[in-house]
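One structure is given below, encoded as structure tokens.
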Amino acid sequence: MSESAPTRPRITVLAGPTAVGKGTVSAYIREHYPEVELSVSATTRDPRPGEVDGVHYHFVGPERFAQMVSAGDMLESAVVHGRNSYGTPRSTVLKAADEGKYVLLEIDLQGARQVKESMPDAHFVFLAPPSWDELVRRLVGRGTESAEEQQRRLETARIELAAESEFDVTIVNDDVRRAAEALVREMGVPTAPRA
Ligand SMILES: Nc1ncnc2c1ncn2[C@@H]1O[C@H](COP(=O)(O)OP(=O)(O)OP(=O)(O)O)[C@@H](O)[C@H]1O
Ligand SMILES: Nc1nc2c(ncn2[C@@H]2O[C@H](COP(=O)(O)O)[C@@H](O)[C@H]2O)c(=O)[nH]1
């Protein structure tokens, strides 16, 4: 019997409600799995303290963002929480995928739906909170948004939680390391037990 052909890594899309821990899980993967290519999105939102341009996001103005969209430079883009624009630069994602890298996109539900249209073979992972109360605790505890913005994000969160069944798999983020290790396994990244 002939050996089966090696499978190429699929692009993985990670979505989930605000403050569930997508960024925290991605940061764990950045630190522990440098072979994973984390897509760096463009956004019109202002940087939070500690966020680095080109690492966490490409921080751009609304005009530059609109130019990128109209030039077809975005794989997907959306206005998230009714306020700022976010988008995935197409060329870096496709180049990394062509090179056979494990690519991870951390994006919102609208973006995930757009990627599903253009790349139905991608792998769609939903990150869920242990409970609604814990989600609220994390959002408030992060302390990066005003009370008004927190309210807006929680309204979006209700919509995003209702869309969980659109995803291939759900990972509950009850523990960052456990959730991140589950995600890299879902991505097919070779893993070794870690101390
Ligand atoms: N497993 C966890 N247990 C406890 N706290 C967590 C866990 N994962 C993340 N957090 C905390 O929850 C807060 C929100 O996490 P994070 O910013 O990563 O969420 P996010 O999903 O990227 O949010 P957003 O969509 O709003 O950008 C942070 O303060 C983070 O430290
Ligand atoms: N559709 C897209 N959504 C994105 C992208 N990059 C991030 N996001 C999502 O936006 C919200 C808010 O992020 P925050 O950093 O302001 O808290 C969150 O759900 C992200 O996943 C993107 O390129 N496209």
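Positions of Cβ are set from backbone N, Cα and C atoms, glycine also.
As recorded in TrEMBL, the features of this protein are as follows:
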type	residues	note
BINDING	Gly16, Pro17, Thr18, Ala19, Val20, Gly21, Lys22, Gly23	ATP binding site
DOMAIN	9-188	domain 'Guanylate kinase-like'
(Q) If you count, for each of the binding-site residues Thr18, Ala19, Gly21, Lys22, Gly23, the other Cβ atoms lying within 10 Å of its Cβ, which residue has the minimum? (A) Gly23
Q) To test your reading of the ATP site: which residues beyond Gly16, Pro17, Thr18, Ala19, Val20, Gly21, Lys22, Gly23, same chain only, put their Cβ within 8 Å of the Cβ centroid of those residues? A) Leu127, Pro129, Leu135, Arg138, Asn173
Q. Roughly where does the domain 'Guanylate kinase-like' (9-188) sit in mean pLDDT, to the nearest integer?
A. 97
Q | Distant-in-sequence Cβ neighbours of Val20 (ATP binding site), under 8 Å, six or more positions away | A | Leu127, Ala128, Pro129, Leu135, Arg138, Asn173
Q | Sequence-distant neighbours of Pro17 (ATP binding site) in its chain (C-beta under 8 A, six or more apart) | A | Pro129, Leu135, Thr156, Ala157, Glu160, Leu161
Q | Contacting binding-site residues for ligand 1, chosen from Pro17, Thr18, Ala19, Val20 when the Cβ sits under 6 angstroms of any of its atoms | A | Thr18, Ala19, Val20
